[in-house]
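Over in TrEMBL, the protein carries these features:
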{"type": "TRANSMEM", "residues": "6-24", "note": "transmembrane segment"}
{"type": "TRANSMEM", "residues": "49-70", "note": "transmembrane segment"}
{"type": "TRANSMEM", "residues": "76-96", "note": "transmembrane segment"}
{"type": "TRANSMEM", "residues": "128-147", "note": "transmembrane segment"}
{"type": "DOMAIN", "residues": "135-180", "note": "domain 'DUF1648'"}
{"type": "TRANSMEM", "residues": "171-190", "note": "transmembrane segment"}
{"type": "TRANSMEM", "residues": "211-232", "note": "transmembrane segment"}
{"type": "TRANSMEM", "residues": "244-261", "note": "transmembrane segment"}
Amino acid sequence: MNEKAFEVFVSLTLLLAGLLTLAFRKKQNPLIGFRVGYTYHSERAWEKVNTFAGVFSVACSLLLLVLALYGVSMNAFILVMMAFVGAELFVGLWMARREYELEELSEEAPEKPPAIETEKQSISIKPYILIQLGFLAIYLLLVALLWERLPERVATHFNASGEPDSYSSKFWGVIGVPVLVWLLPLVLTIPAREPGFFARVAFYPRSLRAWCLFTTVLSGGIVLVVTLALLYNAGLVSGNAITYGAYLFLGVLIFAVYRLLTVGKGERV
């Protein structure tokens with residue numbers, strides 16, 4: 001699939017997602033729509049947020065389709081797409097939280113999410129955010145130091161033997177994609193103090209500290225793997241180092257998941 005075909009495919013996929021979101025904007029469901037605890041908790045929030053998300057997705061997909069047919073570069077297309085996705089996520093979460101707060105739920109409300117007030121008062125997510133930002137800063141510093149040693153096409157994916165099987169441009173391989181992946185645990189950490197974010201989802205973390213530790217471990221593991229890939233592309237380590245690093249990351253992540261699911265309120269992680 002060439003770049004233009006890929007861009008058209010992504011645009012049409014987003015268009016379909018937007019149309020489905022609009023079609024199901026009046027019916028809460030676990031598969032289609034802007035699904036966070038806030039929207040699950042309130043039918044009014046579900047309808048308003050998903051109406052916005054559907055219209056916004058359709059409009060963005062049409063613009064992306066025009067850009068794809070016009071023949072913009074892959075880098076420009078992805079940057080525009082990520083800007084739209086980020087804006088939709090930010091505005092959607094803000095709208096959902098506002099509607100949730102307008103409900104003025106009491107402590108006795110039967111569908112109010114599990115309370116962790118005692119722990120919330122003594123725990124700040126700022127240290128976890130700072131640690132994750134520190135991971136990224138260290139990685140970007142290494143990128144700056146090793147930039148001249150990197151080839152124009154860098155390895156971005158490796159098989160189980162540590163041999164590269166996928167390549168990308170230098171910018172997207174060592175900056176664009178790693179930063180976008182690193183954003184995932186950060187986005188999962190920031191709203192953690194809001195119980196409405198988790199209301200009526202598949203599970204609710206019983207410990208805020210355990211949840212933040214889990215997302216921070218995830219962030220560190222992602223940075224570890226992309227750093228090893230960076231060092232490989234700079235010719236400083238072999239492919240085996242990436243394999244060992246990936247296994248180490250999976251082992252630590254499994255333990256973090258175990259603690260997330262088993263730790264109790266107020267218990268040390």
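Backbone N, Cα and C atoms are what each Cβ position is placed from, and that goes for glycine too.
Sequence-distant neighbours of the transmembrane segment (6-24) (same chain, 6+ residues past either end, Cβ-Cβ under 8 Å): 32-34, 50-51, 53-62, 64-65, 67-69, 72, 74, 77, 81. Touching of the transmembrane segment (128-147) and the transmembrane segment (76-96) is ruled out by the presence of fewer than three CB pairs under 8 A, sequence neighbours closer than 6 excluded.
Taking Cβ pairs closer than 8 Å, the transmembrane segment (49-70) reaches residues 4, 7-8, 10-15, 17-25, 33-34, 38-39, 76-77, 80-81, 84, 87-88, 91-92, 95-96, 99 in its own chain, all 6 or more past its ends.
Beyond the transmembrane segment (76-96), the same-chain residues lying 6 or more positions past its ends with a Cβ under 8 Å from any Cβ of the stretch are 7, 10, 14, 34, 36, 38-39, 45, 48-49, 52-53, 56-57, 60, 63-64, 67-68, 172, 176, 180, 187, 191, 196-197. Residues belonging to the domain 'DUF1648' (135-180) score a mean pLDDT of 89 in the model.
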